[in-house]
Each structure stands twice: as structure tokens, then as C-alpha cells.
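Enquirer: What follows is a single structure, and I will ask about it in a moment.
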Amino acid sequence: MPLGEPNAPDLRGGSARRAEFEALYEQHSREVWALAYARWLDSDLAMDITQEAFLRLWKQWEAGGEDIQNPRAWLLRVARNLAEDYAKSAFRRNGTQPQELLNGVRSAQPQPSDELERQEQFAQLRAVLDELAPADREILTLRYALEYDANTIAERLNVAVTAVHMRLSRARQRLAERLTTLGGFTPGEPAGETKNT
């Protein structure tokens, strides 16, 4: 829920607390969104999950509940839980993932045949990404969707830069192997893929 909606938390009181909250949002909202996006590959749903996680943080502060020592970790945990809760509710509603997540991504290409081919490739990529371990999806999202460099990823994940390079290499290898097995792509085919991360 956007902060400007009627049921949003009242951030007018306590300018210091509001400033702290806004700083946390600026600092962590992109990462929270990326985590949700990595799970669902749906930017609107990822934004909903991000907003809900921050809303819960604000309500926690207002209620004076548990003392949150590490807001980033708390937000990421809440976002993971919300993404999983959505998976459970989608399964209960539909017996599967929501229909809109099973469709291909709309292409900006004007030619219908190009659009169809692109949709098929994105659908296949989404399916393969969904089969990867959450850690692989997370690191690939940080690198390619958010375009973070290895140093930034290392800082975000609290790991060494060499560990980021190794995890990226392994995640890319698992993704490429899976795509090659399905016959949709050949190694090196995805546009913009480079070894120097």
C-alpha cells in the first residue's frame, strides 16, 4: 500500500523518526524489491511486497514491539515471508502460480513473429529462473536486473567480492546448463552477457 493512501501509516508525527524511516526506505527499498522480484518476476507484485514490508516495519515501530537491531535483515526476512505467503495463497486460489506469471513478457518489438519468439524465450527463462535455488535467483537479480557491480553485491550480502564472483559464476553456469538442456538457448547467446562483473 503506497504511503499516501488513507490506510497508510501516519508519518507526519516525529520528524526524526520519519526521517529515519525515509532514509531506510531510500537505502533498502531497491534490495527488498529485488528479492521479491527474484521470486515472482513480477514488478508490480514485487512493489506490493516491498510496500507491505515497509508498512509492517513502520507499524512495528509505532507499536513499540520488538527492538529491531538490523532493519535491513528484518525487512528482507519479512519480504521473503510475504513472497512465500503469496505463493501459498496463489496455489490455494488457482492450484498453481497466477496465470499472469505463466505468460510471456510483452515485447517492445513491433513484429508479431518477433514478439512471439521473444515471449517464448522469456517464458522459458522465467520457468528456468523459478527452478533455480533462491540464492541463485537473488544474486542474478542483483547483478542483472539491478545492475549492481560485484563490490555492491558483496556489501549487500555481507560476503567477500571473490565470493560474489564465484556465486555469480556458478549461478550463471547452472542457468546456462538448464537453458541448454531445454534447447532454448546456447551458451553466450543472452544479449549483454559479459564475463567481467
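In case you wondered, yes, glycine gets a Cβ from its N, Cα and C as well.
Since this is a predicted model, take the numbers as computed values, not measurements.
From TrEMBL, for reference:
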type   : residues : note
DOMAIN : 24-90    : domain 'RNA polymerase sigma-70 region 2'
DOMAIN : 124-175  : domain 'RNA polymerase sigma factor 70 region 4 type 2'
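Locate each feature and note its surroundings.
Expert: The domain 'RNA polymerase sigma-70 region 2' (24-90) scores a mean pLDDT of 84 in the predicted structure.
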Enquirer: DSSP says what for the domain 'RNA polymerase sigma factor 70 region 4 type 2' (124-175): how many helix, strand, coil residues?
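Expert: Per-class counts: 43 helix, 0 strand, 9 coil.
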